[in-house]
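Chemist: Okay, here's the structure, questions in a sec.
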Amino acid sequence: MNQVLLEMRGITKTFPGVKALDNVQLTLKKGRVMALMGENGAGKSTLMKVLFGIYQRDCGTIRYQGEQVNYSGAKEALEAGVSMIHQELSPILHRSIAENIWLGREPLKGPLRLIDHAKMYRDTTELLKKLDLHLDPRTPMSELTVATMQMIEISKAISYNSKIIIMDEPTSALTGKEVDHLFEIIEKLKKQGVSIVYISHKMDEIFRICDDITVFRDGCYIGEREAQNTNHDELVQMMVGRDLGDVFPPPTAKPGKVRLEVKNLSVEGVFDNISFKLHEGEILGIAGLVGAGRTELIETLFGVRKHDVGEIWINGENVEIKTPQDAISHKMAFLTEDRRQSGLYLMLDIFANTSIAHLDAYRNKVVNVLDVRSMQKDCASQCTKLKVKTPGMAEKIDNLSGGNQQKVLLARWMLTKPDILFLDEPTRGIDIGAKSEIYKLMRLLTGMGKSLVMISSELPEVIGMSDRILVMHGGKLKGELDGKDASQQQVMSMAFN
């Protein structure tokens, strides 16, 4: 199908002091999935909000189904068949599935115009069946997983007879199986002639589900490609204006002596008989599928989990690590997989988030008072070194981009002066430009003699950044590869066997 459903041409949108969109364009064809790619701040979400009527454009034209349109708000866009599923879902948790879908549009009956609950539940059941969802429409949203809530949002879009559905980072909180189910739904929608705008940073998903790709950079339209006629490297170059080789900086240090040695480490039912060495100035990548035991291994080394058998040696000494405090005392640091859930204090400012793991070092033992001035100085210095972009240390951390939030977490741990850093999915949810900055920081750390263990589900990242790569499958270590010689095929072959 090549029928053009939506054309946006010459769209410009200016906010005070910032041109968010500068003469951009987008073409969406019927029954196809268009990826909209670009770094954070490239203008992707702004353009979608212009289409959805949340923002009014300064100039440009929007043609939908051959007619020029200008929606004054979300309600008008929805009624015209344009739906948007936001990254941060906002269901009414104490209301039922049916109530969330039909809110403000409930079927009415009788002269008193009362809500016809029986019809609403029947209609909801029919909607859910279209997505292979066998749920009781009376179920409160609070009892659903994030993935199921997302399916309810898609059901809601279908209830409007949507011809265009915008999905903003739809898989950010989904497991592998949940992603598979979402993609099955998208394929069904395509067959029904529905068009999808798919905003994501995840290259593997883009090439798996999208037909066409449009790239923005700094509020400008860079180009459009058919997914089958482009590749990862070209898209990175389009998004950041430089080649992939520049994204992964070369090693700055030659690995030195053994700093960490793990011998026959096991946790029953989780991973078994894991042994490896980590050297000074080295990045050791750990690859594997979801459920391979990678995160659990790092949690055990950091004292979050207790191991059943095995030994941990640091600088030639057999050590006992039973708690994270033990790990920190042995100069270890751990950037967790989900920074928003288990790393950041979102209601606090940058200063509090940076200093919180190292308060005792600034405590006057005699009068039990914190030296706040020294804390502020050191926190600001560390954030400056790591190039955290912020108006000041008093800025709420929730206002920062994902890349800058990750830098603040890194600054927090650098105050503890670690020698070994465990990085679990260090660039998850951040754009290509911010990833490049994180990679440079990782190389800076190895240049200082720090030892890094990196877990990543992105194979180009594992191969581009690792000196050596360990591959896990089903809780077992399947092999080791030299980073500079490894291929994605080799890694995946080990990960699946």
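Cβ atoms are placed via backbone N, Cα and C, with glycine included.
Marked as ATP binding site by Swiss-Prot: G38, E39, N40, G41, A42, G43, K44, S45. What Swiss-Prot records for 6-243 is domain 'ABC transporter 1', and it gives sequence analysis as the kind of evidence. Residues or ranges marked as domain 'ABC transporter 2' in Swiss-Prot (evidence: sequence analysis): 256-494.
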Chemist: What mean pLDDT does the predicted model reach across the domain 'ABC transporter 1' (6-243)?
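Modeler: A mean pLDDT of 90 is what the predicted model shows over the domain 'ABC transporter 1' (6-243).
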Chemist: Mind checking which of G38, G41, G43 has the fewest other CB atoms within 10 A of its CB? They're the binding-site residues.
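Modeler: Candidates: the binding-site residues G38, G41, G43. Fewest Cβ atoms within 10 Å: G41.
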Chemist: Near E39 (ATP binding site), which residues of its own chain have a C-beta under 8 A away, given they sit six or more steps off in sequence?
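Modeler: Same-chain residues close to E39 (ATP binding site) (Cβ under 8 Å, separated by 6 or more) are R217, M239, V240, D431, I432, G433, A434.
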Chemist: Tell me the Cβ neighbour count for A42 (ATP binding site), meaning other Cβ atoms within 10 Å of its Cβ, over all protein chains shown.
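Modeler: Neighbour count, Cβ to Cβ under the 10 Å cut-off: 25.
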Chemist: Within 10 angstroms of the C-beta of S45 (ATP binding site), what count of other C-beta atoms is obtained when all protein chains are considered?
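Modeler: Taking every protein chain into account, the count is 22.
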